[in-house]
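Notes follow the structure.
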Amino acid sequence: MTLGLVESSRNAAFAVAAHAPVLGLILLGSIVAYVGTLRYIPNVARTLLDRNIFGIDINKSTEEQRQKFAAKRRAGQTEEKEFQKQAIPESLGILVGAMYLSVVVVLTVCLRFLGAAGEGLDNPYASLPGPLMTITVMLLLGFVDDVLDVKWRHKIILTALGSLPLIMTYDGSLSVLMPCAFGRFGLSTMNVMKEWRLGLAAPQGEPTTTFRATAPSTWFSFTVNHRSYVKVTESGAALIYLGPVYLVYLSMLCIFCTNSINILAGVNGVEVGQSIVIAVASVVYNLFQMRLDRQLTPDFSSLDAAAADARDMTSDHQLRALLLLGPFIGVSLALWRYNRYPARVFVGDSYTYFAGTVLAVSSITGVYSKTLLLFFAPQVFNFLISLPQLFSIVPCPRHRVPTWNPRTNLLSNSHNYTILNVILYLFGDMHEAKLTWAILKCQVIACVLGFVVRYVLSAFLYDEVR
């Protein structure tokens, strides 16, 4: 295993070196995104305050203090000094998203027309307008939510509609490779049919279904109207064509990622921090996967082109994902400097929607959506324990954040069903900054375990792990 890891790392390094011009341009764009966001945050923050788009830090004030401030604000009795002390600019995600989209669009133009991406519409970046449109729609939806406070049922519908541009331009495989145990079960139960062909006659005009023995590399195939829906190889691996069902899965992935970042929030820096950790893990994954540049899996060499594309992780997929992830890390790092404890700006729903969409879109573009779900393990856990409140089985307040104790300046368990309160329940009261770092440590551990599952434990389910 050690020798294999060394060899894979060497191949990844060679692949990165081969694509150094493109990766260098992406890195340059990421630096520009970081510097530009850092430069404009103070100006945009003042503009948002002037437009009365601000919030009060719940974890640094009591309910009585917030009500008193709101009453003074309505009566026009708030002094400027008091206002500047209490009010924190909100929805800075709109600036971050705008800077990100500007940089990515410029990078796409440069890569397409300066020779790095090839010529014509067949270059790997020609399909990016769809993903970028989805990111734009989600960003604007988040800003609308900041201003109008959209209800949850409407959020689900709108995020589903926002994922349509991505789904319409998706050019990847619609097949799923199942573990070997799945195929071996079929082999053991249907072994008596190995040397036979079974033709099922159908009325004229109806689809014809055939079970056929094929080439040695593909032991069993289930075909309807020349479309292979199930293929099982001699090794036992099964490739199942899902078609439109897979597109529904991708849409649901966008909905989940967008809202999961949004509900794991409430303390300074946690939204941006978790997004940065997942994005960095995704970058590492894509760089490592570049070692497979134009390598085909022998067991599936005879399958159709769509199946081959699913197993042939060419660098085109990774470069597109890195193009989306690099500038995102840049703008998020700049926002982190202002949003970490003590927060000088709030990111708002515009950032959480934007961040979740970028991570989902990059995984779909880079063909690693299942691996992304491993990185999202804390968000999945937080979502599962939140279900009783999200479905109103138990009372659900508007803000499910921990309770702030003004005497100790610590956060305590508010008995809401979130991972933040689980940590406080297990380890006791914490300072807000310490709680944020505890969440980020959990996120790092989840990403490391995700790599272990992806490259080590999956070997027990698949004959070949790439």
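Glycine is treated like the rest: Cβ placed from N, Cα and C.
Small disclaimer: the values here were computed from a predicted structure and weren't measured.
For the UDP-N-acetyl-alpha-D-glucosamine site that Swiss-Prot gives as Glu90, Asn268, Arg398, His399, Arg400, the extra residue drawn from Asp50, Asp57 is Asp57. Residues 103-104, 106-107, 110-111, 116-117, 287-291, 293, 315, 319, 322-323, 326-327, 329-330 of the same chain, all 6+ positions outside the transmembrane segment (12-32), place their C-beta atoms under 8 angstroms from a C-beta of that stretch.
Of the recorded ranges 91-111, 124-144, 156-176, 263-283, 316-336, the transmembrane segment (236-256) has the largest number of C-beta contacts under 8 angstroms with 156-176. Looking only at Cα atoms, Asp57 (UDP-N-acetyl-alpha-D-glucosamine binding site) sits nearest to Asn416 among the recorded positions Lys155, Phe256, Asn416. Counting same-chain residues at least six beyond the ends of the transmembrane segment (263-283), those with a Cβ under 8 angstroms from any Cβ of the stretch are 57-59, 321-322, 325-326, 328-329, 332-333, 335-336, 339-343, 347, 351-352, 355-356, 358-359, 362-363, 366, 368, 372, 375-376, 378-379, 382-383, 386, 390, 399-402, 411, 418-420, 432-433, 435-436, 439-440, 443-444, 447, 450-451.
Three or more CB pairs closer than 8 A are found between the transmembrane segment (316-336) and the transmembrane segment (124-144), so contact between the two stretches is assigned (pairs 6 or more residues apart). On a Cα basis, Glu90 (UDP-N-acetyl-alpha-D-glucosamine binding site) lies 23 Å away from Phe256 (dolichyl phosphate binding site).
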